[in-house]
Amino acid sequence: MSIKSDRWIRRAAEGGMIEPFEAGQVRTVNGGRIVSYGTSSYGYDVRCADEFKIFTNINSTIVDPKNFDEGSFVDFKGDVCIIPPNSFALARTVEYFRIPRSVLTICLGKSTYARCGIIVNVTPLEPEWEGHVTLEFSNTTPLPAKIYAGEGCAQMLFLESDEVCETSYRDRGGKYQGQRGVTLPRT
């Protein structure tokens, strides 16, 4: 497997791999500095949309991935999301992805957030998966933490195999195929 360059990412985006797509790095908006997004040398920095689900323990329930209680989240829409101390929030990317059959995509958090104790977690985007990426932001600090909608939050790295997989995510009818919006756990 080899990592794909900015040139490859731009060509793949022309075919609809990333929508909307930014061909370069955006670092300012209306003269103000932002957490960057867009194409980098060997990756694509995604933006966080303005839809959030903030985890709360008001129901004092057990967190069970096989039987997740949607009441454990408070829905929020806005330009800035405040994550409570030692808690987390779910969000989604602005971008919609269509991953090629020969490609596996790995997501890593941006250092701007990591250096503040905010960790971004996303599982790999498998071959032929498509949808908005659900992002998990963990606030590891004892203080409230800010997430900015419309700005960069994580980087996607595209790895292309020298051999096409026998069975893709679409082939096996993956449960998150075509997801739109913030998607909660499914079994």
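Note: Cβ is positioned from N, Cα and C throughout, glycine not excepted.
Over in Swiss-Prot, the protein carries these features:
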ACT_SITE  E136  active site, proton donor/acceptor
BINDING   K110, S111, T112, Y113, A114, R115, T134, L135, E136, Q155, Y169, Q179  dCTP binding site
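Positions of the features from Swiss-Prot, shown on the structure.
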| residue | record | Cβ within 10 Å |
| --- | --- | --- |
| K110 | dCTP binding site | 19 |
| T112 | dCTP binding site | 15 |
| A114 | dCTP binding site | 13 |
| T134 | dCTP binding site | 20 |
| E136 | active site, proton donor/acceptor | 15 |
| Y169 | dCTP binding site | 20 |
| note | Here the Cα-Cα span from K110 (dCTP binding site) to the residue listed as 'active site, proton donor/acceptor', rounded to a whole number of angstrom, reaches 13
| field | Mapped DSSP class for T112 (dCTP binding site), helix or strand or coil | value | helix
| task | Work out how many Å separate T112 (dCTP binding site) and E136 (active site, proton donor/acceptor) at their Cα atoms, rounded off. | result | 16
